[in-house]
Amino acid sequence: MSKYSDAKELAGLTLGKKTDYANQYDPSLLQPVPRSLNRDDLQLGDELPFMGHDIWTLYELSWLNSKGLPQVAVGEVYIPATSANLIESKSFKLYLNSYNQTRFDSWEEVRQRLITDLSHCAGEAVEVAVNSVTHYTQQPIVTMEGECIDEQDIDISSYDFDDRLLEGAAGEEWVTETLHSHLLKSNCLITNQPDWGSVEIRYQGHKIDREKLLRYLVSFREHNEFHEQCVERIFTDLMKYCQPESLTVFARYTRRGGLDINPYRSTEQAKPDHNHRMARQ
């Protein structure tokens, strides 16, 4: 259980509670979660050691045009890691559902409403794209870059989070490389539902021991935090124990409620080169 799972800032969330589904536009449904909750635990100050965004894909975005004809789209939202808040996912889903029976004059009006409401909730300007299904169908399904570390023949008996599994993980050899794993699994901070993801780690520094890294990632299996918080924890732990010169951590989680979340944290750039989905998304 997270150290801050009982924080008062989480008490009013709709997550884990029975809720009604509104079908008329209602921006008040959005609920923020202060990023400071886990960043205080990670001892992160105002000067963050990373750049980045939380990239959301909205697969269930629909509204009515001015004549009442339903429209469907796939949305992409980029929320800066520097924003005061992350957006709680169930509230995001409920908010998007509120578009379903609401008439809008144009796709651009929908995009601008999303920008305004999500920026207000996050506490900083967000970027939004609203794409046609035809456009999205033309996008590729990709895999992560670099070496997959999942096929190691090792025994694991503990699934409790332990950052000390990274102790001594940095070797002597200096490398520039990319590693990835599809075995990332954590649990929702509130509901304990499983969150399934893949994570890509790109770095320049002393070569990271594959076994230690895999054991560390598997230790998230019974850990309770939101997606964004897990990625920041991975980033800060790798910086603490391995001290790379440069580091990028990019996780892509499977969708729930028509949404997937893809947190990106990097010393090098604020956004990934692309937002193509993976096979499990």
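Placement of Cβ uses the backbone N, Cα and C atoms for every residue, glycine included.
Using a 10 Å Cβ-Cβ cutoff, S89 (substrate binding site) registers 22 neighbours. Per Swiss-Prot, substrate binding site is recorded for I87, E88, S89, H227, E228, and the stated evidence type is sequence analysis.
For G257 (NADPH binding site), the same-chain residues that are 6 or more apart in sequence and have a Cβ closer than 8 Å to its Cβ are E60, S89, K90, K93. Under DSSP, G257 (NADPH binding site) is assigned to coil, being neither helix nor strand in the three-state scheme. As annotated by Swiss-Prot, NADPH binding site applies to S89, K90, R256, G257.
The annotation active site, thioimide intermediate is assigned in Swiss-Prot to C188. Taken residue by residue with DSSP, C188 (active site, thioimide intermediate) is part of neither helix nor strand, so it is coil.
The active site, proton donor annotation in Swiss-Prot covers D195. Its own atom aside, the Cβ of D195 (active site, proton donor) has 23 Cβ atoms within 10 angstroms in the protein chains shown.
The annotation region 'Disordered' is assigned in Swiss-Prot to 261-281.
What Swiss-Prot records for 268-281 is compositional bias 'Basic and acidic residues'. Long-range contacts of the compositional bias 'Basic and acidic residues' (268-281) within its own chain (CB-CB distance under 8 A, at least 6 residues past either end) are made by residues 51-53, 55, 57, 76, 78, 80-81, 139-144, 182, 196, 198, 246, 248, 250, 252-255, 260, 262.
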Fill in the blank from the handout: Check: min Cα-Cα distance from C188 (active site, thioimide intermediate) over binding-site residues E88, H227, E228, R256 goes to H227
Fill in the blank from the handout: Minimal Cβ count within 10 Å, across the recorded positions I87, C188, points to C188
Practice task
Using the recorded substrate site (I87, E88, S89, H227, E228) as reference, state which further residues of the same chain have their Cβ within 8 Å of the centre of those residues' Cβ atoms, listed in sequence order.
Solution key: V33, D54, L86, F92, F226, I261
